[in-house]
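Just below is one structure, and these are the notes that go with it.
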Amino acid sequence: MAAAWPSGPSAPEAVTARLVGVLWFVSVTTGPWGAVATSAGGEESLKCEDLKVGQYICKDPKINDATQEPVNCTNYTAHVSCFPAPNITCKDSSGNETHFTGNEVGFFKPISCRNVNGYSYKVAVALSLFLGWLGADRFYLGYPALGLLKFCTVGFCGIGSLIDFILISMQIVGPSDGSSYIIDYYGTRLTRLSITNETFRKTQLYP
């Protein structure tokens, strides 16, 4: 009687074949071929906010004539419309992937603005120059005690008036409520710089 041929591989061979198949599948999906396939078919589109400088242009903010600050200034922040360059494809502020032609708004960029409360820089300087010896500048800025003291001492015999004029002109002394002066948006403003954790410090190179 002839021996029958085995109908399939033995148990060890079957386990080995399955293990090799699993390893091959993992190497294809996670290796360089899988990365190429993912980048070719499933690459996520870039957000418009992450575009590089030169790939978009932003409009100048609309300035309020009364406050000389952007009209939508809230919590020291305003937003301006930004337009991606033509032939740029990215996700807009609504999350929709869009191919831009240069005329569509892609995102709104936040810009810093100041809190003002009706105190004009020009008025403060004029009061300090002409009526500083009467304390009018201090009364205007919300310092009634110092204003009364200057009034009673004729501006500390003129010395206090001169010091106040310098401090107000340099925008060191401001309104008592902590707000900023109303100054022309594109005029001369004092910008205070501070060092934070994000400040880039360039190494000094000496010859």
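Just so it is clear, glycine is given a Cβ too, placed from its N, Cα and C backbone atoms.
Predicted, not measured: the structure shown is a model, and the values here were computed from it.
Summarising the annotation, Swiss-Prot assigns domain 'TM2' to 118-166. The N-linked glycosylation site annotation in Swiss-Prot covers Asn72, Asn75, Asn87, Asn96, Asn197. What Swiss-Prot records for 1-37 is signal peptide, and it gives experimental evidence as the kind of evidence. Among the features that Swiss-Prot reports, topological domain 'Extracellular' is placed at 40-128, 175-207, with the record citing a curator's inference. The annotation topological domain 'Cytoplasmic' is assigned in Swiss-Prot to 150-153. What Swiss-Prot records for 129-149, 154-174 is transmembrane segment, and it gives sequence analysis as the kind of evidence.
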Position of peak Cβ density within 10 Å, selected from the glycosylation sites Asn72, Asn96: Asn72
Cα-Cα distance linking Asn96 (N-linked glycosylation site) and Asn87 (N-linked glycosylation site), given in Å to the nearest integer: 16
Of the glycosylation sites listed as Asn72, Asn75, Asn197, the one whose CA lies nearest the CA of Asn96 (N-linked glycosylation site): Asn72
Spatial neighbours of the topological domain 'Extracellular' (175-207) far in sequence, C-beta under 8 Å, 6+ residues away: 63, 66-69, 114-121, 124, 141-143
Count of other CB atoms lying within 10 Å of the CB belonging to Asn75 (N-linked glycosylation site): 7
Neighbouring C-beta atoms (10 Å sphere around the C-beta of Asn87 (N-linked glycosylation site)): 9
Residue distribution over DSSP helix, strand and coil in the topological domain 'Extracellular' (40-128): 13 helix, 32 strand, 44 coil
Whole-number mean of pLDDT values that fall within the topological domain 'Cytoplasmic' (150-153): 95
Count of other CB atoms lying within 10 Å of the CB belonging to Asn197 (N-linked glycosylation site): 4
Close approaches to the topological domain 'Cytoplasmic' (150-153) from elsewhere in its chain (Cβ under 8 angstroms; 6 or more beyond its ends): 132-135, 138, 160-161, 164
Integer Cα-Cα distance in angstrom, Asn197 (N-linked glycosylation site) to Asn72 (N-linked glycosylation site): 29
